[in-house]
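Worksheet: one structure, shown below.
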């Protein structure tokens, strides 16, 4: 079953092709890399709210949580550096791994990076599931982080290179869809294992399942034509392109890919090159988009949803069920982005999502301020709790159809081949750095900023929305290799791109 589509080149030519079942299945399998990231995002908060887990590894937190003396405010019940290190260590490892993954992705191919990521995650999940001490737990988390770093580096690039330009957004968002499914699946598993003595082992150990699926799937996947050409496999690349497009005559598009690869090979130092003036737009967006994505405050919800809901007076099962509800909203809202991103474009989703998130965070922060104040003493009525959950769900939905998927899509589609691996590595590294930072300091920030934490994130949402209005050009339907025309036509970026010429040694000079 295939639909016709024109794959457009910005040199004026149009390449006829089809949206083949082959490319859909291939992208679906590759997108399973998102399951790893999503499952960990969802599982961690639930596990760290399970009493048997806290008793075994973090007894001081358990004692603090059970303290009824009133010495601790609700805001500070879970404030513990070792507990947050358990969560955040993964993202520090992912940050480090992303730089190694960049080289692997470029030299060995995209599928090799995906397989490596799955293998790391598999070993880490098993170590966590069988952990007998805190050291084993942290080592497992670090290996999970290496897996996440490799997958987050390679999967978005793989999807963007395999997809026809007109549906690149939708197929690339399969990665975000898998992240949301992973989060929802983890929340459901936490709900059913929370009352079991060894429920935390089951929750952590099941992470091996998506890792096995990715390892097996990536073993059978073909690599992208771009990657195969980059590594000198031109004959195989042409056959792969024919399979992807569903037609035999792919000569024009294939030649464009070869030309792009030849230009890319003249670039000896992609890390040095991406800092050059002509790549200033790519470096800016590969750095600021993941930075802003984390400063939306979404990981406050995804990491610590059960802990947060428990802090706000929801019971244990109620807090886990609330996390399932927000996880379900996350999945459904991601479908909205899949069906709208290539129709309405990236920019409108960025802006609508930003406005909606800002409003919801102000309302949630105000509700917590009214009920808990600065002292942290108070509670929600049943109606107020449902009202709070409703606005948190609206906030999650806004993120899920805007900054969530676009945070991975845009950086993966704006870089030309010669700096693509470096650009995506920068994206993953910045993302993981601030994911680590937020995970490490959130519970402390909640303890000290209290309800003001939500106003803190709302302020950043306002800043990032203004940034998109001013500096982001629409990238919808623009083939990856020809993205340069977008920058040249933008009022701000043209001064960096248009005034650059290339000398005989292919070095950019002003």
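Note that Cβ sites are derived from N, Cα and C of the backbone, with glycine treated the same way.
Note on TrEMBL: of 451-472, 473-494, the range annotated with the feature transmembrane segment is 451-472. Given the ranges 385-404, 405-424, the record in TrEMBL names 385-404 as transmembrane segment. The stretch in 19-39, 199-221, 319-341, 385-404, 451-472 that contributes the largest number of Cβ pairs under 8 Å to the transmembrane segment (113-132) is 199-221.
Scored on C-beta pairs under 8 angstroms, the neighbour of the transmembrane segment (425-445) with the top count among 19-39, 138-159, 199-221, 319-341, 348-373 is 138-159. With a cut-off of 8 Å between Cβ atoms, the residues of this chain six or more beyond the transmembrane segment (138-159) that come close are 27, 30-31, 33-34, 36-37, 40, 85-86, 89-98, 100-102, 104-105, 110-111, 113-114, 116-128, 131, 168, 171-172, 174-175, 204, 207, 211, 214, 224, 408-409, 411-412, 420-421, 424-425, 428, 431-432. Mean per-residue pLDDT, taken over the domain 'Major facilitator superfamily (MFS) profile' (26-476), amounts to 85.
With a cut-off of 8 Å between Cβ atoms, the residues of this chain six or more beyond the transmembrane segment (171-193) that come close are 23-24, 27-28, 30-43, 46-47, 50, 155-156, 159-160, 162-163, 199-200, 202-203, 206, 210, 302, 305-306, 317, 320-321, 323-324, 326-328, 330-331, 334-335, 337-338, 341, 400, 404-405, 408-409, 412-413. Comparison of 19-39, 319-341, 348-373, 451-472 by number of C-beta pairs under 8 angstroms to the transmembrane segment (199-221) places 19-39 first.
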